[in-house]
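Sequence annotations record features per position, and here TrEMBL assigns domain 'CMP/dCMP-type deaminase' to 1-130. Per TrEMBL, the feature substrate binding site maps to Asn42, Val43, Glu44, Asn45, Ala46, Ser47, Tyr48. TrEMBL lists Cys53, Cys88, Cys91 with the feature Zn(2+) binding site. For Glu55, the entry in TrEMBL reads active site, proton donor.
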Amino acid sequence: MSKEITFKKLKNLLKNSYVPYSKFPVSCIVKMKNGQEIFGVNVENASYPAGICAERVALPQIFALGLNEKEIEKISIMTSSTGFGSPCGICRQFISEIIDNNVVIEMFNINKHLGDFKIDDFLPFQFSSEELK
Ligand code: THU
């Protein structure tokens with residue numbers, strides 16, 4: 001999928017976000033190696049901390065759908081920022097549990113593609129299951 005098509009899909013997906021409080025839509029598409037796409041948008045709540053980020057709406061569906069996280073090819077994220085809007089700290093930790101460092105995280109702001117990254121770029125020295133052994 002070209003960056004242009006991904007950009008359009010993410011931008012369109014922003015419209016599905018539920019953001020009455022921040023008015024800051026975020027969208028996320030998890031692309032599987034078989035071509036399947038799983039969508040997420042941020043969903044806020046009157047009890048603010050109960051709101052959830054787009055990344056954490058998209059990624060859990062992999063398990064609910066019975067898919068294998070090893071089959072993730074790419075994660076694409078768009079924030080409504082005009083600068084470098086990147087995944088929040090909780091999402092960085094959440095993503096690090098599910099994907100390896102070979103999976104591309106493609107970042108977009110409201111205007112353009114910002115770059116392709118890996119989870120280690122966003123969260124070095126991540127806390128993982130290794131620590132619990
Ligand atoms: N948000 C996301 O959906 N993903 C992120 O990684 C950054 C923040 C959402 C949470 C909230 O609904 C809004 O953006 C403003 O913080």
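The backbone N, Cα and C atoms fix where each Cβ goes, and this holds for glycine too.
Just so it is clear, the model here is predicted, and its values are computed rather than measured.
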Check: min Cα-Cα distance from Val43 (substrate binding site) over recorded positions Cys53, Glu55, Cys88, Cys91 goes to Cys53
Return the count of C-beta atoms lying within 10 angstroms of the C-beta of Cys53 (Zn(2+) binding site), excluding that atom itself. 22
Give the sequence-ordered list of residues that share a chain with Ala46 (substrate binding site), lie 6 or more positions from it, and have CB atoms under 8 Å from its CB. Tyr21
Among Asn42, Asn45, Ser47, which are binding-site residues, the residue with the most C-beta atoms within 10 angstroms of its C-beta: Asn42
Taking the Cα of Cys91 (Zn(2+) binding site) as the centre, which of the recorded positions listed as Glu44, Asn45, Tyr48, Glu55 lie within 10 Å of it? Glu55
Minimum Cα separation from Asn45 (substrate binding site), reported as the residue among recorded positions Cys53, Glu55, Cys88 that achieves it: Cys53
Quick one: give me the count of other CB atoms within 10 A of the CB of Cys91 (Zn(2+) binding site). 21
Would you mind sorting out which binding-site residues among Val43, Glu44, Ala46, Ser47, Tyr48, Cys91 put a C-beta under 6 angstroms from ligand 1? Glu44, Cys91
Rounded to the nearest angstrom, how far is the Cα of Glu44 (substrate binding site) from the Cα of the residue listed as 'active site, proton donor'? 13
Starting from each candidate's C-beta and looking 10 angstroms out, tell me which of the recorded positions Glu44, Glu55 has the most other C-beta atoms. Glu55
